[in-house]
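Before any comments, here is the structure.
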DNA sequence: AATGTAAGGATTTTT
DNA sequence: TCCTTACATT
């Protein structure tokens, strides 16, 4: 690996347009003006991590680096977009040309171009999680292992095992030994399913989320000319949220930097919350080992939160079993202590939050500066109903996605099948919408289309079947879509025309679903290319796409509800953390494992550090007996109890007195 | 082979 | 509680 940084071209003006020294603190300044070569920035919560990246982009561009040769890898597309916007504001529009996105979206782009090197055509389709599970289910039934084995893992468990193996670079056997001892005896069978699954996808030009990363890594690893070209294309690689990248992502970053060593990673080990995706907070410390000669810079001055909030969040993370030392401080003084409250029930909790939101709104806090955070998507159900009833607009991030709704998936299956006729799992889905077509017929027809093309849908023998007529209509629609060069919006129109009668036949609540189809159509209008639309929908939650679509004006009228995972990197004036109860946070699924509990603590830390001025800690008393459904034990989160000076750090609020 | 029905079983978090 | 899966019926 060539470590010597490529000399950076000097800008024309001797005096830079941006006053870096006065806009940044010394540590930030050092990071922003780093001459080149590997750089690790350990940035505590609220220490200006994003600011540093934004200025770094502007600095590089100002130095004369071609913005298109800067690659900014972030956790969500939205984050990249916002950073580029901010950089454009402090410098100029050139910053909007920076190549940015998630690892997955970047890999998608690269594989569209170079996929042939790893056995994929440019027209491959992406299977989301439920598509992937459907494939596994087909294989599972096909191979029939469940017949003689009692308790053979279901599609969901199979997916978890296979995905874990991909993300952690382990074999199926290792994953089983480590996490699924109950299935260890089934290793050969599960291995076979995994192999069949891989082959199935390859033969049909389908990639799942994990393939995007691993195939991209394989491409860079096994094809030096491609690696070299890409490395020179991206002369500066910037990676945000590095604590949540897994080994495959880190390898991709390393390969991209292999020619020049200009890799900058920013992250905070205390905020690592994606171990289920194969991230390990300790990895961040391997950076200097992986890139000898690294510069390491730590940012410790917090600009986000008031002192009382910071004292509290410092106390949370103090109890972490293992962390790299770093103590956040702020120069700001004053501010209110976090408020701790125990509503008598979950409903009372929703009422309490509603009332406090109303008060803050009256005080003039803009709606979009108020957020309610929680561990799992359904934790906000009560609150959503209540907010709706009281006319308070909200947006929700995380949890059940638009794209996961069955009717949206149906439409996307049509579109995927036109882009990639070999996508049998999409065909499988479409065909089963027809009356009289079940799993067996669908499978046979799908394989026929893959082997012999669309015409196989209208063979003479099929015409006599009762679903012959439906097949003919389907065939005509799909033929028109594959051959015609009409714009995306027209294609969608054609799909909807064909789909609407099927939707009405299949779902009792069809009228409720139709508006969603219109939203999808609206969303698609600005796309010129169907492949891009499909990739975007699969790789970025449409909520985010819609939020961007509607523009900032629209977003400002809404209070934010979000899972803690989706709140990463964001901040609000007022933050509520609800369901702060043992069994919810920490989640009951993590209680058996110490590492998992540690991660839950970091999750709590991430949530609490989102707050700038007001932080509410809401721990409702759980009523009723613990059923399978409600596993919470009812006591306040252990993370509160373990803070010795809790009484000094928070103010108690008795909701009944209010 | 498709569809309807009853018992069984699992729930976080995301690209 | 709700969704999936296995089984029985058409």
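Including glycine, each Cβ sits where the backbone N, Cα and C put it.
Record features (TrEMBL):
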DOMAIN    A:22-306  domain 'UvrD-like helicase ATP-binding'
BINDING   A:43, A:44, A:45, A:46, A:47, A:48, A:49, A:50  ATP binding site
DOMAIN    A:307-569  domain 'UvrD-like helicase C-terminal'
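Here the features listed in TrEMBL are painted onto the structure.
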residue: A:43; record: ATP binding site; Cβ within 10 Å: 29
residue: A:44; record: ATP binding site; Cβ within 10 Å: 26
residue: A:45; record: ATP binding site; Cβ within 10 Å: 24
residue: A:46; record: ATP binding site; Cβ within 10 Å: 23
residue: A:47; record: ATP binding site; Cβ within 10 Å: 26
residue: A:48; record: ATP binding site; Cβ within 10 Å: 21
residue: A:49; record: ATP binding site; Cβ within 10 Å: 23
residue: A:50; record: ATP binding site; Cβ within 10 Å: 19
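Averaged across the domain 'UvrD-like helicase C-terminal' (A:307-569), pLDDT in this predicted model comes to 86. DSSP gives residue A:43 (ATP binding site) a strand state.
Excluding A:43, A:44, A:45, A:46, A:47, A:48, A:49, A:50 themselves, the residues of that chain whose CB lies within 8 A of the CB mean position for the ATP site are, in sequence, A:51, A:52, A:268, A:299, A:302, A:303, A:304. Residue A:48 (ATP binding site) falls within neither a helix nor a strand when secondary structure is assigned with DSSP, and so counts as coil.
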